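S.K.: My questions will all concern the structure given below.
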Amino acid sequence: MKLKFISMAVFSALTLGVATNASAVTTVNGGTVHFKGEVVDAACAVNTNSANQTVLLGQVRSAKLANDGEKSSPVGFSIELNDCSSATAGHASIIFAGNVIATHNDVLSLQNSAAGSATNVGIQILDHTGTAVQFDGVTASTQFTLTDGTNKIPFQAVYYATGKSTPGIANADATFKVQYQ
């Protein structure tokens, strides 16, 4: 019986070594993980989702944008500020920058790089008072009063006709900075 037990133990040890070698570890290159961010000395930190957001304006009939100054229905969006200290700054304003239509310095021009882009229309952003923002990279929006913690600064975007619009893709980009006072 002892001999049978010893034989089984030796056999188990030998087969365990073979099984281990059969499932050898393989390592391959996987890729790169990029980390992006910024440490700021400011009253608040811009929320990651606000730093690179897309506002969906949807489809608007060109008949609704037939004359200079006509607007689509507004679509709300916000710039969220986190970890705010009202003791550091009591107010925040947003400074937008972007390419504008020559005759309308408060209307973003569309990215007309693709065939089939809309014409005679741009995008206007309104601040929380309904005032159109400038896109010169210098002029700040109306001040927003900060509270401690999280703050959402509300805006609205509209399509803005600069003449009789024609249908097509109507996309634009703007960058922003936050000014604390």
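Every residue gets a Cβ built from N, Cα and C, even glycine.
Checked Swiss-Prot, it gives:
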SIGNAL    1-24  signal peptide
DISULFID  Cys44-Cys84  disulfide bond
S.K.: Check each residue in the chain of Cys84 (disulfide bond) that is at least six apart in sequence and keep those whose C-beta is under 8 Å from its C-beta; list them in sequence order.
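M.R.: Long-range Cβ contacts: Ala43, Cys44, Leu146, Thr147, Asp148, Gly149, Thr150, Asn151.
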S.K.: Within 10 Å of the Cβ of Cys44 (disulfide bond), how many other Cβ atoms can you find? Include all protein chains, please.
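M.R.: Around Cys44 (disulfide bond), other Cβ atoms within 10 Å: 23.
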S.K.: In the three-state scheme derived from DSSP, which category covers Cys84 (disulfide bond)?
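M.R.: In the DSSP reduction, Cys84 (disulfide bond) maps to strand.
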